[in-house]
């Protein structure tokens, strides 16, 4: 009996050993399979990235780069962003290969070790990229270490947050509209360009201006957006689908998702079958892998921190500084001056798309904390103002504190400029965007809350594009009497994309600043949504190349990002969810528009968030409808309350410093950093010269005496 018992124990032990050995072998085999798959994909993706870079450089060296190549210059991922996007692409392609080459039944098959896959790819865990100093009074450049409990929260090169689960054709990455016969909620999605043509476009520019908002109101929105989010495009994943095939032949595949032209589109005669469109960069999923759906990257910090001035990567931040000076200054242009005032330095990476715009002027693009700084001339103008203000602050702080070294001067000036952007945005800008909804969504500040998630949400990147409806068709330059400046005082918008030469060699920024103050934004109108300058001539700075359609790009990008439809977001915000023409008509207060939308989408559930949100009537005293007020208000409240370095958070500034900061204004920024001497007191409101303008001596100055240290 005892012998039998020992034999049973022995046999059981052998069986357990065999199972354990089998598991070990299977695990080793699984690890080897993962390693092999990742290795092959890395080779393929690295080649795609290198080929893309080489091709772009070659194209910009040619005499006739395309619209696509000009815009790609600004959307091209660099540095750590490039690495994060490349890892995301390797992760996704490796997963596809493992599904294809192994017995995996689906991507969530428990036999696949997702942690092992992530480490093999190089994704790692979401940990800070810098060492956190909990006692530092200054933000990190990357946005890491803001939240002490979760130091990577809000940092650059992380995924945009999802407030609702992503919606893709396959549940993972394929956008709706990719597969021709695939439906969404029982209906095929309309072509993005068709929606643009039938809903967004208009011909007559008469009566489109906003009688209550200055052009600066529009421009500040773009500044804030560029401070908060940026999703560069990814590269194509394989040699089968090159960018040439995407751009020239409209061949859909990998990350090429061309915007096809509908029948009778006028662009069919001049631009072939499509506008090329490359999908946004995305990052690796993170543990515990509850969702493997593609999540797009935010390449900049989620905080309102002037990252567009200083950068979101340490290497860039360092290049932007004048490290040879002990004054904490930002580097400025050494080749050109604006009547004694500084310009941003040129980005001397050759070739430059800005030089292509005027081949005889030889003026490159500017370098700034955000790569998009030279996309259009008014954006470059405000970048110039912010750069000058940093250096003005640093010099004044040095005068007050001669013993401060360059690093302290830089950090203190950076901190003040960050507070300036926060104050202007929340005190002056958001109240006239959200109108009567302001207090509902952004109540008075109650202090920092480390449980609030400050990350920019994916949907916000579409909600904030309401500003595209505010862009007028022309840009005006005005003289010191606010009269037309020079023989070409009013210029079509499309001639000012990538146009730095007009600043450097044709008048400086003062005439443009006066235009921002005295001219008006466009008013969003349900019948006149986006000017043709953006809808047909985007990134068409010369007659040699054909323009893009920003509205169609926005709609295609909604699908690229896996955005839930209009009604999902209405439900998220506690608003009604119309199901019929009558219901949609009641929400939009416009039967014709409601019918046009349903003729295209068939159901309100499928309406893309960008067009659905912008189609709503504006709230009282605001410039967005109820849905966008909810999405924007919620996001800005989280940006504020989840930021440990928010200017009002006790301990960030002293009480006297906070009192002083409350006097900042955009008008004073102009007075201190240009030769403009007459400004309005309320720069975002529509102003008529001379009635609404005052001398700069009547505008409060920022008193920096509270920054004088006691050692003095």
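Any Cβ shown, glycine's included, is placed from N, Cα and C.
Annotation comment: Swiss-Prot describes 1-21 as signal peptide. The N-linked glycosylation site annotation in Swiss-Prot covers 106, 106, 212, 212, 322, 358, 449, 449, 449. Marked as active site, proton acceptor by Swiss-Prot on the basis of sequence analysis: 226. Positions annotated as Ca(2+) binding site by Swiss-Prot: 227, 301, 303, 305, 307. Among the features that Swiss-Prot reports, phosphoserine is placed at 315. Under the heading site 'Transition state stabilizer', Swiss-Prot lists 372. According to Swiss-Prot, the 3'-nitrotyrosine annotation covers 482.
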Per DSSP, three-state class assigned to the residue listed as 'phosphoserine': helix
Minimum Cα separation from residue 305 (Ca(2+) binding site), reported as the residue among recorded positions 212, 322, 358, 449, 482 that achieves it: 449
Residue 322 (N-linked glycosylation site): tally of other CB atoms within 10 A of its CB: 17
Residues flanking the Ca(2+) site, with Cβ no more than 8 Å from the Cβ centroid of 227, 301, 303, 305, 307 and excluding those residues themselves: 139, 143, 228, 300, 302, 304, 306, 308, 312, 418
Least surrounded among the recorded positions, given as 212, 301, 307, 315, 358, when other CB atoms within 10 Å are counted: 315
Residue 449 (N-linked glycosylation site) CB neighbourhood, other CB atoms within 10 A: 13
Cα-to-Cα gap, residue 315 (phosphoserine) vs residue 226 (active site, proton acceptor), nearest whole Å: 19
Protein Cβ atoms within 10 Å of residue 226 (active site, proton acceptor), excluding its own: 22
Among 303, 482 [recorded positions], residue with fewest other Cβ within 10 Å: 482
Distance, residue 307 (Ca(2+) binding site) to residue 449 (N-linked glycosylation site) (CA atoms, angstrom): 22
Cα-Cα distance linking the residue listed as 'active site, proton acceptor' and residue 301 (Ca(2+) binding site), given in Å to the nearest integer: 10
